[in-house]
Structure formats: structure tokens, C-alpha cells
Amino acid sequence: MARHPWGMERYERVRLTNPDKVLYPATGTTKAEVFDYYLSIAQVMVPHIAGRPVTRKRWPNGVAEEAFFEKQLASSAPSWLERGSITHKSGTTTYPIINTREGLAWVAQQASLEVHVPQWRFEDGDQGPATRIVFDLDPGEGVTMTQLCEIAHEVRALMTDLDLETYPLTSGSKGLHLYVPLAEPISSRGASVLARRVAQQLEQAMPKLVTATMTKSLRAGKVFLDWSQNNAAKTTIAPYSLRGRDHPTVAAPRTWDEIADPELRHLRFDEVLDRLDEYGDLLAPLDADAPIADKLTTYRSMRDASKTPEPVPKEIPKTGNNDKFVIQEHHARRLHYDLRLERDGVLVSFAVPKNLPETTAENRLAVHTEDHPIEYLAFHGSIPKGEYGAGDMVIWDSGSYETEKFRVPEELDNPDDSHGEIIVTLHGEKVDGRYALIQTKGKNWLAHRMKDQKNARPEDFAPMLATEGSVAKYKAKQWAFEGKWDGYRVIIDADHGQLQIRSRTGREVTGEYPQFKALAADLAEHHVVLDGEAVALDESGVPSFGQMQNRARSTRVEFWAFDILWLDGRSLLRAKYSDRRKILEALADGGGLIVPDQLPGDGPEAMEHVRKKRFEGVVAKKWDSTYQPGRRSSSWIKDKIWNTQEVVIGGWRQGEGGRSSGIGALVLGIPGPEGLQFVGRVGTGFTEKELSKLKDMLKPLHTDESPFNAPLPKVDARGVTFVRPELVGEVRYSERTSDGRLRQPSWRGLRPDKTPDEVVWE
């Protein structure tokens, strides 16, 4: 049987006490057996109680003693339990909401044998509509199980006439329960009215066997078809709940074939568990729209978004690139470090008391904790006293990682499990190396620094990327300042006279730059890998993106190097930027390699300098930063004079006047979580040659379907020819409007060095 997502929750925060206490004397059933039953049945039970206020009926001393109902959640209840409040005439009652296996474990620990819920769920903290109808078939004195089943089939027939499905249960007490899922939720009052009419209709059709009246004196020899439990204020024993009877019976889902069996009887908890492998959840369609637990369910249950600055997203996490990590210094009750690795839309998290080991000679404890949201990659702040994890948290390091092995058992904290293993190579500013996390037992893992594998091959290097920001507050003591050159980013691998040039995406582009052949001779005594920019210069010697787009043979194109990644068999990725810069300048001294001068002064002076020189902007680099291939790092900050944005072409409009035979404007978008977002049109900045070239390139990409995630505004949709979103360009613009459009965009050119999936808002 496939496991339901609810079954993946952990329960290490619930400690079972008095496991040997006998709760069912007639069978000797202990509290430990009850606890194990609820843990085992949670995968199918939780969807039918999720989102609903839970009333518990407790037998702390067993079913031979008195029981009591408990609605109000005690102040001592754990903070991670989800809550919901209902205001009654007598006041407000706060109920537990059991959305997880762990929550059901808490119910069992309290000896709450019976779980009762209404037929509605909370919605945004308030009482929502009924999602299902329930009929309780309560037998009067002398009524047999066969007669109950006869009435159940009659109810089913009436529901079928209404195009509604009906699901039967033996209640575990005396009667039967029938559940009817509602395709469209209705008010509890509406559900009660419908159920009452069905009951009254059967009472009229079968007056000797059915009554819809609550008066007990009228029930002898009849089945009371109880419709009243659909009232918003009433509850019903939950499917799969134990019953507080002499024997540990269960409100057990049954098949309709069983309801026709004259030998039908109530089932014990062990029998219900045995049936799971054969039948699965017979009620699965009943609550198919239940709020599905995801990997952040436990995380959310431990935090109140109104009380903590931590991110508490409501959305189900979406899978990302599985390549980011963060280490946070957490000044909680005890100082420790939290390692978080992006995986399948969440951050798999470990508390590491002494941080990751620095050498291969030592191992350190790492305690697995609940998955955290992706937003936690950037979280820092103070968690208030009284909240989970209270204390100050700062980002100690962050970066990217590569995976060799990532095995985290589904039952992460099973005390008998020791099969988890993670091997990753971390690329951060402080941590850079190969690490293993090995599960020793349950939630305890071991963190080990491994020997690094052979250095990455030069042909595998990807460019390090800068983060958008302002350099105004940066000082020259900590930061170096370079010009941001208006060209194409390239990686050059010069190996003793052999030259290879790759674009930012790794595409081989050696043939596109015949002007760089001389570098092979200039660097013939070395094997060197350089990072830099291919630039086309205008008449005044300033890099021009327009010239780069439309370069002719006579266009002056140069390679401007600004970093060195490899030299004669040695990787320089871990060297400080200051040391790499010295090596680069020494390599260029007296040769043909161009290394542009750094900019003078602090951040403001550097920006003023590039304004006067008409450069694109400034890139600030920390003197002590390492080179982090393929990662957008906060160690490099780019600050542009002009607003520029990479865009994806999603269509074009016919021109007018002199452009009537070609393109008048391009229709632009930026990829996002929901698809390609329309950001406007651009109709200026083109040369006639560019427009002709664009038309030829877009013609084979024609499509009848819009590539955008929403219909275009009417004024923009008129006369549009849609194309497949495969070409990337760049525009300059004045500002971004509140609805996500680019104001006054001007075309700068195509970006053949970029792919659509690389385009994001800058």
C-alpha cells in the first residue's frame, strides 16, 4: 500500500509515559499498544481529521474507570500543536488541530482513546463549510446488525440518486456510520437540512424500522437515523478512532460487500491494522481535498508567524536546484551552528554544536532537526524569548554545493535507523571542502571532513557571479573596485599554445573570437585559466555593447582579464582575491594580456569615476574572498549606472510606416514560478540591420499559443505574433512599475551567451 504523505511526519517530541498501564482490562491492551496503533494508523486517519477541531474523550486510568471529554486545549500543551478557536455563548474554546502523525502521538500519550471531530474544517482561522455529511445509524433495542445494513443500503440508494457516493463504517460501538463527501462544500446548516430530509424520507418509506426523531422512547425496535451530527456544534467519532468500550474496537471503514454480510461485526484495532495492507484507506475519496501535509508541516507546527520573524510560508514547497547551503550561528540556550542543505524544495537541517570539523582528523556530532523553508537561506535576526529556538541568529557562511550522495531515510528519527548518508562538497567563503554526514542512530549523525578529491578540471570551471547591490558604503580597505564592462563574459583556457574559449553557459565559442588567437602565443609558457570579458570598443576606447552586437571585422574586440582560476597545474579557487589579483598582474606584466586597472577610492569615488568614463558600472570584490564557480556570491557586488534587464522574447508586433514590412516592437517576458511573465514591449534602440536579423531568427519560432502565463493586456495583444520563448535579449529602462512592467525600455541587443532559464529579475 502506498504511504499517505501524512505518514512521513516525525514524533520525537512526544514521549510515551506509563507504557505498561492497561487501558483495556478485558483484553490486557496497554497504553503502549494504543500509542503504537495511532502511530501506525496515522497515515490513513489524519486526512479525515486534518483541519478540524478535535474533541478528546480520555480514559487516563483505562476503560474500567470514568472518562471525560476535553475540548479546551490546556495551557501546558506543546507549542508546536496547531490550534483553532471557536467562540461560544459561554466564551472562547481553543481546540487542538491534528494535522500530523506527531499530533496523533500526542493524543495517544494523553490516553485520549476517542477522537471526535465535526464535519467542517477551519479556513483561515474561522469555521469553514461542511465538506461531508454523516449519518449515524443508531440501533434501538432489538434491532439486529442485518437490519442496520438494510437501512444503510437504502441511504446509499438515495444518495446515489443525488449523484453522491456513500462510504460505510462499523462504528466500533453499536451502529453504523455513513459518510458522504460533498463535491462543493455547503454550510453546516445546509448539510443538516439535507441529512434531515433523507432521514425523514426513509422514516416515511419504512416507518416500522426507521425513525428520524431523537426521542428515545420512540426508538425501540427501530433504527434512529441520526442526521443531527451535521450541526456545526456537534461532533462524530472520527474514522479509525478507537472506542472506549470493554474491547479495543475501532470506527472501521468497510466495503459495501461487507455491509451485505450477515456475519458483519465490529473490528478490533489489531484487525484494522491487518486490513491496511489489503484495502488501504477505504475512505480515501472522502477527504481527498484535505490540507496535505508537506515537508514543512512539522516546521510550521512549531512556529507562530505572528510571534517570530522567521519565514513561515503557507505554500507547499517547490523543488529548486538542490545546490545551496547556509550555516547559521545560533545563539540559543546553547551556542550551536545550523547547517542547512537545499533539497527537494526545503532545507534539510542539522544542529552542529561545534560547527563542521576543519580537518579530517576529527568527527563532530550533527543532530538532525526539522526541514526548514528555502527562505531560511537568507534568514538572520532575533527569535523572541518563549518561541522555539529563541535567541539571535546570524549567517556564518553560505554558498553552493555539489552532491555525491544524499540518502535521508523516510523515518528520519527512527531510533533503530542508521542508514542515512550525505556526501557533499561545500563552496562557501569560510567553508570550502568535501564533507560527509553519516547517520549513527536515529536523529544523531556524524559530521566528517573528507579528503578532497582531485582538483576540478579547468574545463569544468563556471564563472562566479556578482550580486546586485549598492557599493556606496564599501571601503577600499575591505573591497577592491573594478569597472563593469559592457561585453560578453568568457572563460579562456590557454594551455601551452592551445586556446579554448567558453561562454558563461559553457558553450564553446573559440571560433567567434579570432582576435584572441594572439593570447595563445603570449601565454604559451603556461597552462592558465582566465575569467574576463570580451569587449568591443568604440572610437574613444570605451566598451560598447552595441558595437559588440553588430561587430564587423574592423571592430576592435579585446579580452579584458579580471581573474585567474588556474595556473600550471594548481587551482587558485581557494586563494584570496588579493592573491589572485597579484598573480594575474604578474602574468600580464610585459605581455599582451590586458588586465584593466582597478578603480580608485572607496565605493562613491569608484562610482563617480565610471560615470565620467561612461562605463556600465562598478563591481566590488572582497579582498579576502575565494572564487566560487557558478555561484552568485555576496562577495562580489555589482552596481550599475543604468538599469538593464535581461528578457526573453515571447512575440513581436508588425511595424508601421517605414517598418511596415518587418518588426515594430518585441514583446518581452521574464520567467518566474508561474511561467513567463509579461513585462512590456520594446520598440526603440534597434538598427534596421538588427530588425531584419531578428525577423529571420524569430520566423522559425512562430507558434499559435501564447508563451505567457496570463493573457496580455488588450492594448499590447493587438497584432502580436507569438514565438517560442527561446531567445534572450537585454534592454535598458528607466524604472520598474508596480505591476512589473519596464518603463521606457530601449533595446541593447541579443544575449546569445544566456539561456532563458538563466533570466531573472535583476
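Count begins at 1; order follows the chain as displayed.
Every residue gets a Cβ built from N, Cα and C, even glycine.
Summarising the annotation, Swiss-Prot assigns DNA-binding region to 18-21, 68-72, 88-93 and lists similarity to another entry as the type of evidence. The active site, N6-AMP-lysine intermediate annotation in Swiss-Prot covers K484. Among the features that Swiss-Prot reports, substrate binding site is placed at K57, H116, 136-138, 171-177, Q229, T235, R243, with the record citing similarity to another entry. Taken from Swiss-Prot, the feature Mn(2+) 1 binding site applies to D136, D138, supported by similarity to another entry. Marked as Mn(2+) 2 binding site by Swiss-Prot: D136, D138, D226. For D486, E616, the entry in Swiss-Prot reads Mn(2+) 4 binding site. The compositional bias 'Basic and acidic residues' feature in Swiss-Prot is assigned to 750-762. Taken from Swiss-Prot, the feature region 'DNA repair polymerase domain (Pol)' applies to 14-260. The region '3'-phosphoesterase domain (PE)' annotation in Swiss-Prot covers 296-453. Sequence annotations record features per position, and here Swiss-Prot assigns region 'Ligase domain (Lig)' to 463-760. The feature region 'Disordered' is assigned by Swiss-Prot to 735-762. Annotation comment: Swiss-Prot describes H372 as site 'Transition state stabilizer'.
Positions of Swiss-Prot features highlighted on the structure.
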| residue | record | DSSP class |
| --- | --- | --- |
| D138 | substrate binding site | strand |
| G172 | substrate binding site | coil |
| D226 | Mn(2+) 2 binding site | strand |
| R243 | substrate binding site | coil |
| H372 | site 'Transition state stabilizer' | strand |
| K484 | active site, N6-AMP-lysine intermediate | strand |
| E616 | Mn(2+) 4 binding site | coil |
With a Cβ cut-off under 8 Å, give me the same-chain residues at least six positions beyond the ends of the DNA-binding region (18-21) that come close to it.
30-32, 35, 62, 111
Distance [Cα-Cα, Å, rounded] between D486 (Mn(2+) 4 binding site) and H372 (site 'Transition state stabilizer'):
39
What other residues of this chain sit with their CB within 8 A of the center of the CB atoms of D136, D138, D226, the recorded Mn(2+) 2 site?
F135, L137, G175, F224, L225, Q229
In whole Å, how far is Q229 (substrate binding site) from H372 (site 'Transition state stabilizer') when you measure between their Cα atoms?
39
Cα-nearest neighbour of D226 (Mn(2+) 2 binding site) within the listed recorded positions, L176, R243, K484:
L176
Give me the DSSP three-state residue breakdown of the DNA-binding region (88-93), ordered helix, strand, coil.
0 helix, 4 strand, 2 coil
Are there any residues at least 6 positions away along the chain from K57 (substrate binding site) with a Cβ closer than 8 Å to its Cβ? List them or say none.
A67, F68, F69, E70, S112, L113, E114, H116, G244
DSSP helix/strand/coil residue counts for the DNA-binding region (68-72):
0 helix, 3 strand, 2 coil
Run through the Cβ atoms and count how many others sit within 10 Å of the one on K174 (substrate binding site).
17
At a 10 Å cut-off from the C-beta of Q229 (substrate binding site), count the other C-beta atoms across all protein chains.
20
So for R243 (substrate binding site), how many other CB atoms are inside 10 Å of its CB?
22
Count the residues of the region 'Disordered' (735-762) that DSSP assigns to helix (H, G, I), to strand (E, B) and to coil, and report the three numbers in that order.
3 helix, 9 strand, 16 coil
Determine the minimum-neighbour residue: among H372, K484, listed as recorded positions, which Cβ has the fewest other Cβ atoms within 10 angstroms?
K484
Averaged across the region 'Ligase domain (Lig)' (463-760), what pLDDT does the model get? Just tell me the whole number, please.
89
